[in-house]
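Some features that TrEMBL has for this protein:
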DOMAIN    28-161  domain 'Nudix hydrolase'
SIGNAL    1-25  signal peptide
TRANSMEM  211-231  transmembrane segment
TRANSMEM  243-261  transmembrane segment
TRANSMEM  281-300  transmembrane segment
TRANSMEM  307-326  transmembrane segment
TRANSMEM  332-351  transmembrane segment
TRANSMEM  363-384  transmembrane segment
TRANSMEM  390-407  transmembrane segment
TRANSMEM  419-437  transmembrane segment
TRANSMEM  443-464  transmembrane segment
Amino acid sequence: MKLNTKILSLVLGFISLFASSLTVANDSSISGAACVIRSGEKIVLVKEILTNKLSLPAGGVAKGESPKLAAQRETWEETGLVVSIKEELGRTEKAVFYDCVSDSDIVSFQFNNRLDGYELPIWFAPHYGIEVSSAMLIDPTVVPKQEYRFPDQLEWLGTVLPQATDQKVVFVGNLIEAAPAFHQIELSWMTQIQHLFLKLPSGIANIVEPLLLAGNWLAEPSLILILFPLLYWRFGKEFSYKVFFAVTMTSLLSLVAQQGFAFPRPHVYLPALDLAKSYGFSLPSLPIAVWSCVGVLFLNGTERLSINRWSLSLFFALLWLTAAKFYSGSAFLTDSVSGALLGILCSWHLIRLESKPEVDAKALMTSKMVWVILLIACAVMTLFWPTPIFTYWLAIILTVLGLVITFERDANIASGKALLMITVMLVLANGLIGVAAEHVSSSSIASLSVEALRYPLLICLFVFSVRKMSRVDTAA
């Protein structure tokens, strides 16, 4: 009898060991974990930066980390919510979904966005501006499939929602008091100006407001596809290299300053102000800094660095962009002023460098060593602040470094007709890359790869096309 008992215990032990090994195997097969956070008929969804799609707060399971801890960590990083795991709601081959409950009341704005969701304040979340641009409470049944990263998941979310724990939400009108004192003053001005436009006759408002908001087009990165070929045609390759070097330096300095100051954009305190979608930090304003730097270099290069129609045109362009950013809730006035000062300072240093007879500034800016240093600096920045924008700049600088090695200082330049053709090619190529990005939007890695390759591919297309057409024009 004792022998039978021992044998039975031994068998049960082996069964238990086998079952535990299966559990470990199952857990090890799980590479992702997600949180379903419910309030009434709504759940918390985040807007991803890389894919530009909505998804649950979720992410990968780190080595040695349990899926539950991964779900808690990702939710904190993406939404700023500290949650407790209640139970498992479901799983796929690679991901597990948990019922998550916030350890404190969920704070939400009363403002309804275009998807009829309630915006959540998340600017303090560790990965705001890195992985996610916003978060919201929204009914999963009203989310358009094209807006969601995994469309087939929406129907399941609607059916599983009653099983998740319902929790309380505290609604607030705004969080202006959470802003620094000097930003609170500007938020008051911003609100008053937007209310003033609402009181205007509809005929006037329908003309003035779009005209004002059109200034935001000056901040579009794709504008460089038109302006850079024009700059190259008018001033040549060496001036174009100088401008690109200036844009690179100014952009990196602006981005580092933004991460250092970590002042969010105006609309995070009052979502109703957001008339032009933006995210991340805004001090100093990067587009204002770049325009100021390039504008001063242009005026200096054409010997128009004085009060004239060209300098006044630059001033009013900056004023238009500043007004558009301020009115749309994308940037404070202090962001624009600091951006202008940074841009002018960068251009001033480059002009001083060129004025020194013992320094060959043109050779310096096209030097391999300079671009290697920039590459190393950008790599360090990417390690410190793993935001997509630093990754994009890392890819751009690496591309330019490769092109600098084959740089030829000669007078050959493509004709205006050739550059017009190249501009059309760049615009079409940019559109095709956008289509490719949409097709891989279900994958964060693929989306990051496509966006990181966007401008390197466009730069290579521009440079190789210019070199080829320059030779053709010279031969002709």
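Yeah, the Cβs are placed from backbone N, Cα and C, and that goes for glycine too.
Where the annotation comes from TrEMBL, it is an automatic prediction and has not been curated.
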Secondary structure tally of the domain 'Nudix hydrolase' (28-161) (DSSP, helix then strand then coil): 30 helix, 52 strand, 52 coil
Segment proximity, the transmembrane segment (332-351) to the transmembrane segment (390-407), 3 or more C-beta pairs under 8 Å: no
Whole-number mean of pLDDT values that fall within the domain 'Nudix hydrolase' (28-161): 89
For the transmembrane segment (281-300): best-contacting stretch of 243-261, 419-437, 443-464, by Cβ pairs under 8 Å: 243-261
